[in-house]
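Heads up, the thing below is written out as C-alpha cells.
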C-alpha cells in the first residue's frame, strides 16, 4: 500500500533480519550480566532470581513505514516517525525460589518518534538521539510457566495494561529517552523541551446519540452518556448526564501539547452502566490544524457509530514569555503554565529523627531491626503541589544524593499568589525528609520568568538542598490570521464574490463558495469560453471547459457591464434559512486558474462538463449537457473528504414536461447503496440550486486512491419511460491537491 508521505524501507528491514541474531546474543548477555544482578538487589525475596532460558527468536521487528518531517521543524534537527510492528517468538524463562515464570511471545505495535538533534558540523554529526512513542503502543504478551495464570480472561487485560502503563511512564510523551552521541553534550533541554502549547477543550453538547440502554432486551431506554478526552497519556472524564441522548455538559478541560505535528485529541463517548459501560462513538482531531486555526467551534460527526454529533470549541493557547499577559482570568481558567524540571537533591538525612530544628535529636530505639533499617540510605520520592494538583516523581532507592531527572507541568490560575510546594519523602517509612515552598511571584522578578538554582530544604539537615529549574509561561489565545483560510469545516462565510462570465451579450453574476485572494486573471483564462468543444467520448481529464474557472476577488466588474439576470441563471446563494440545520461549506484555499490555453490538458477535471457520451440525446448530436458547480476539499481536522454541491446550470430537459433534478454521489470503487450520497430534488428547473454538503470519512491516503462519480438525475415516477440520467462527471482525486481544495463549474 502506498501512502504519499510515508516511505517503505524494505532495505532497512533486510538489515534488521540479518542483524537480529547478533542483537539477540547481545541482549542475552545483557540479561545475564546486567539485569539479573539488578533484580536480585531490588528485594530480599528476589535474591534467587535466575534466567534459565533467554532466546529472542527468529522473528525480528518490522518497520512498516517511515515518515520524515522537514518543513515543520528547525534546520538543526531531523524528525522521523517509525511505524513499528513486532510479532515475536521470543522465549524468556526465569526461576525465583521454586517458581518458574516466563514469556513466550510478544506482540507490539505503535509509532515511535526519533529525533536527531542537534546536527553538527563535525563527527558524529548528530549530538543526541531522542526516542518516544506518540501514544501508548499496543501490547500483547503470551505468558508461560506459573505466570500463564496472567493469561486468564480478566487478569490478562489487567496484566497487559499494567505493563503498558509501565512503558508509558518511561517511553510515551511527555516522557522521552535521550541518548547523547557526543561527549559533554548537555541533553537537559532535549529531554525536557518547552511544550509546544496548550489545547483548551470546551466540551459543550452532543445530539442524536445512539440508544444503548435496554430493558429485558427489547424496550430501549435513554442512555447516560459521559466523555473521555485524551491527549497522550493525560485523560480527563466529563460528568455523566442521566437519561439524555442530547446531553449538555458545558465543561472545560486543558491539555499540555508536547509535539505538533504528531499528537491528537481523542474523544470517546460511553453510556454509563452498573456492569459495563457501552461505547457510543469516538472522535480524533489533529491538533496541528487547531494550532494553525487558533480557534475551532463546530459540530463533529462521531465515528465508529451509526449516529451522533459532538459540539466542541477548541482553543490553541501559545506559551509566551510576557508578564503583561499574566492577568487573572475572570472565569477561573488557567492563565499560565509552570514547568518544573526536577533534577536532584543533596545530603538528604537518613531519617526524620536525624534532625530537630537543625540539630540531631536524641531518641531511644529499642528494636535493633528497626535501627538497622533507619541507618540505611533513604529511598526517596518527591511530591510537587500547585493549588489542588499534586504530582509524584519516581523513587530513587538507597541514596542520600538522589537524581530524578523528570519534568512536570502545572496549570496556574494566579501567578502572583500561588506557590509550588515540594516535599521529599522516604518510601520505606513514608516520612518527610525535607520540604520547600517557592512563591511563583519570585519568577516574575526574572525577565525570562525562570529560576534555575539549588533550593534550601526546610525541616531537614542544614546542608540539604534540592536542585530544580522552574519556568513560567503565560497562556495566550492569539487572534486568527484574517488572511488565512481555516481548516475547520465551519469557517464563517464571507460575502458573495462577483465575477464576470461571457455568455453571448449577457453578463452573469456568480457567487462561488469562499475563496482566498489569488492573482488577477490573465486574458488567456478568459479565452477559455471560446474554445471549441471536443468529442465528448474523449477522456474527461483532457476535456476542454465551457466556462472559465471562477476568478478571484481582485477581478473588477466594469461599470454598466452587468445586465438584468435571467431568472433561470440566478447566482448560487449562500445558506440562509437552512443555515442552522446544514453546516456551512468548507473553505477553498485557492482556485487554480489555467495560465494559458495550452496548459489545459495538464489540469485534470479543472472544469466539470456533464458528459453526453452514453446518453440518449433526442436530437442525436454530441453536445454539452450543462454544468455542475462543486467544491471539493479534504478536511484534515475531521479526517473526511467534503463535497459541496452548489448547483447546476443549463441542464438539457429530458421531456416536454420538464425535469426534477437531483445529484447522486459515489466515492468509487464503493457503489453500495448504503454509501450513496444524494441531494434533495428541485422541482421543474434546469438551473437547480442545492448548496448541500456531504462527507466521506476516509483517511487522506485512502481518498487519494479513489474517484468521485457524480451524476445529475431526473426524479421521475417508477413506471415512467422518461430518461433518468441527465449527465455525469467523474473526478480522479489522485490528481488533485485536496488539502487546498478546489471549486469550479
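Heads up, the Cβ atoms here are built off N, Cα and C, so glycines get one too.
Feature annotations, reproduced from TrEMBL:
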- 508-523: compositional bias 'Low complexity' (COMPBIAS)
- 531-542: compositional bias 'Basic and acidic residues' (COMPBIAS)
- 560-571: compositional bias 'Basic and acidic residues' (COMPBIAS)
- 5-182: domain 'SMP-LTD' (DOMAIN)
- 173-300: domain 'C2' (DOMAIN)
- 318-459: domain 'C2' (DOMAIN)
- 624-745: domain 'C2' (DOMAIN)
- 482-577: region 'Disordered' (REGION)
Within the domain 'C2' (173-300), what mean pLDDT does the predicted structure show? 86
When the domain 'C2' (624-745) is classified with DSSP, how many of its residues are helical, how many are strand and how many are coil? 10 helix, 56 strand, 56 coil
In the domain 'C2' (318-459), how many residues does DSSP call helix, how many strand, and how many coil? 15 helix, 62 strand, 65 coil
Could you give me the DSSP helix, strand and coil counts for the domain 'C2' (173-300)? 11 helix, 63 strand, 54 coil
